[in-house]
Structure formats: C-alpha cells, structure tokens
Amino acid sequence: MLFEKKQNALPDLQDWSEFGKRFFFLFGFIFLITGIIFFFAFNWNELHRYAKLILVGSIFAVASFVYSLKLSKPWITEILGVLAFVLVGQLLLVFGQIYQTGADAYDLFFGWTIFSFLIVLSSKSYILWSLWIFLINLTYLLYQAQVMPHSPSRWVFDFIFFINILILGIYEIKQKFYSENQGQRSIWFPSVILVLALGWFQLGFFTPSGEEESGLGIYLIFKLFLLAGIYYIYRFLFFDLAALTFLSIEFLIYITFCFSHYYPGEDIDQFLLSFLLVIGCTTASVIHLLRLRKGVQNK
C-alpha cells in the first residue's frame, strides 16, 4: 500500500528507492491533474453543459476502468482509486451546478458518500476508507448544521463519536479474528479513526447544552468510564501504543476541563493549579507510555 511499511523493520536502500519512486510519481500525478483542472477551469464558463458532464464523466470512466484492471503495482491502483473517488464528487458537483438540484451542501456530500461506496468497498485501500469515513463525518456535520441547527448539541457530537467507534471496532475485530493475515494491522488507519472519534468526544463535553450541573456531572462521569473502557481495550485486547498516546492526551484534556469547570477559587489560582496539573499528568503519562514501550520491546 502507498503509506504502509514493513512491520518492525528499518528501511534499507531498496525501501528508500521504492519510496522515492512513489514520492515522485505521486507528486507528478498531482501536478498533472492540477494542470488539467486549471486548464479547464479557465475555460469552464465557455463550455456547454453537456460538454462539462462528458468531460468529467469520461475522466471518471477511464480512471475507473484502469482501476478495475488491478495493476501489478498496488499503490498505483490505490492512486487511481482515490482519483475515481474524487471524480464521483466532481461529477455530482457539476450536475448540481448545471441543474440546480439543491441549495443544501449536505445533499452533495450525502450523494458522494452513497455513490462512492462501491469504489471503496471493492478496494483494500486504507486511504480510500479514511476518505469515505471522513465524508460520512462531514455529511453528518453539514446535515446537523443546516437541518437541525437548534437541536441539543451534546448528543449530536456523541452520536457521530459512537459511529466512528463502531467503525473502528469492526475494523479491529475483523483484523484480529477474521482477516487472512490475522493480527496484522495498518500502522496509521486505526489511529486516524480514533483521533477523529476523540475529536467529537471532546466537542461533546466542551459544548454547552443548557443542562443542569447535576446532569453535566453524570454526563462527565459517563464520559470518563467510556474513555477508560477504550483505553482498556487498546491496552489489553488490541495493543496499540499510538492509540494509547492519543487516549492519554484525551484524558489530560478531560481532567483539565473538569478541574477548571468545578474549581471554586480565583482565576489566578485556577490558572496556576491547572498549569501544575497539566505538568504532573503529562509527566505521569509519558512515564507510563515509556514503560509500556519498554515492556513490548523486552517481549
């Protein structure tokens, strides 16, 4: 894959040579596509509406056809898959621009999510899956902002947090128990989805909802148990030091928020004590993570 490397191995000369080939091919491909886009963008208003659709549709058809051939270089196939994925959105955008299908932005991204699913499903590319999951999150955020702007904000953020955690859980279980290469995980995909989920998790307790203090306290306790449960899973079931690092950062943010929210003293006292709390928790987290890393290396 494009952004994967050999597990537990330092790169040798051949690996660096392969990396250089991929790097220059990828950037050459990006510059080529950018040049084509700017050329047609400059003359876009002069094109007939059918010419616009045929142009984007033809590029999409060619990219999809070559992608379906499954070339000998998986990373080239991966790049073509990403191109086909992006062109689905471009085709919908051009169609909506010509025929004025709707003013809501989430309509475009929802259609993009639906019509690109087969491309993503047919691939084994973590890049495509990451883009598709990000598209789900963006579609939900736009829908909430445009259709339900006055809905309670906390449950909105928590709902999409659970969606991301569900996707992450399905991936981890599949890789551990049902994959052809059991136990082999992507070095970056789980961390990306976890960071995305933790972003929603954090927005949940930072966003005011007009709740009573007692309700907020119960909500924060629930969040603490939820965070501890995820930490337990990545500590003992699916060990991942990167995930544990991100969870430690989230613990630090959570503790700092609770302290600053409930501390009854003056602002200057709160600032000083929060500063000391952050230093202490950060030091403890670093020591804990270093011990975990040392334990894994000894094994």
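Counting starts with 1 at the first residue shown.
The backbone N, Cα and C atoms fix where each Cβ goes, and this holds for glycine too.
The domain 'DUF2157' annotation in TrEMBL covers 21-129. For 23-44, 50-67, 79-99, 105-121, 155-173, 185-204, 216-234, 241-264, 270-290, the entry in TrEMBL reads transmembrane segment.
Between the transmembrane segment (241-264) and the transmembrane segment (185-204), the number of CB pairs under 8 angstroms, six or more residues apart, is three or more, so the stretches are in contact. If one looks beyond the transmembrane segment (185-204) by at least 6 residues along the same chain, the residues whose Cβ comes under 8 Å of a Cβ in the stretch are 1, 3-5, 7, 126, 129-130, 133-134, 137, 154, 157-158, 160-161, 164-165, 167-168, 171-172, 175, 223, 226-227, 238, 240, 242-243, 246-247, 250, 253.
Residues in the domain 'DUF2157' (21-129) partition by DSSP class (helix H, G, I; strand E, B; coil) as 91 helix, 0 strand, 18 coil.
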